[in-house]
Amino acid sequence: MSHDDLMLALALADRADELTRVRFGALDLRIDTKPDLTPVTDADRAVESDVRQTLGRDRPGDGVLGEEFGGSTTFTGRQWIVDPIDGTKNFVRGVPVWASLIALLEDGVPSVGVVSAPALQRRWWAARGRGAFASVDGARPHRLSVSSVAELHSASLSFSSLSGWARPGLRERFIGLTDTVWRVRAYGDFLSYCLVAEGAVDIAAEPQVSVWDLAALDIVVREAGGRLTSLDGVAGPHGGSAVATNGLLHDEVLTRLNAG
């Protein structure tokens, strides 16, 4: 990973913002249904195609894995991970909580991540060993740091929906966790994890996620001083589920979600 990789990721996000802004709320937005019954729009495809074209020119030796057009899942060497619009359901309904997620993995470990949410006028990014940062409406970036909350009864928790927690026993444990913490909100998708990195939320959890949902978020959370694992406690974005915390609460959250 070099400084140029971060600059490239930020430039890719700039272009993604241009493409998504003009399609958000467009009356002629094309919406299709994928085999997994989730929506995909012409904006999703346009962003991922543009990212792939740029990487093919500027990083021809790097791999690319994206939500819409796939790619290798061996996770060796240098590989860019792209979720062109995280929060497509929000996008199609006119809800401004959506973002383009772009990450660089080196041998499966995120080294650069950018989360860009133009409808919120916010962006978060991080590079390995260089910290995590955010900017609001293009203002001067500020460095991110997770909270120092050390007790669950004082903690704020965010998630996306209850439907994924339906596995027998898991929903009960999750609801038990929500009953224990101080505050629960469903900020959802990328925003839960970015708020953990900002120190505004202490816990984010999702039972079903893909690597493109997490790769950029993983390094943003970690570089802000937090911790991100699967529900099984495996570090990184590959576990198919996610728990992100300020680090101080992590082990207790995992214990509660895996009890029984």
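Placed from the backbone N, Cα and C atoms, the Cβ positions cover glycine too.
Feature annotation from Swiss-Prot assigns substrate binding site to E67, I85, D86, G87, T88, R185, D213. Annotation for G87 (substrate binding site): same-chain Cβ neighbours under 8 Å, separated by at least 6 residues, are V95, V97, W98, A99, G188, D189, F190.
Counting every protein chain shown, the Cβ of I85 (substrate binding site) has 29 other Cβ atoms within 10 Å. The Mg(2+) 1 binding site feature in Swiss-Prot is assigned to E67, D83, I85; the stated evidence is similarity to another entry.
In sequence order, G66, E67, S100, L101, W212, D213, A216 are the residues near D83 (Mg(2+) 1 binding site), counting only same-chain partners six or more apart with C-beta under 8 A. As annotated by Swiss-Prot, Mg(2+) 2 binding site applies to D83, D86, D213, with the evidence given as similarity to another entry.
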>> Pairwise over E67, I85, D86, G87, T88, R185, D213, annotated as binding substrate, what's the top Cα to Cα distance to the nearest Å?
In response: 27
>> Counting only residues 6+ away in sequence within the same chain, which have a CB under 8 Å from the CB of R185 (substrate binding site)?
In response: S156, L157, S158, V201
> Once the chains shown are all counted, how many other Cβ atoms turn up within 10 Å of the Cβ of T88 (substrate binding site)?
Replying inline: 22
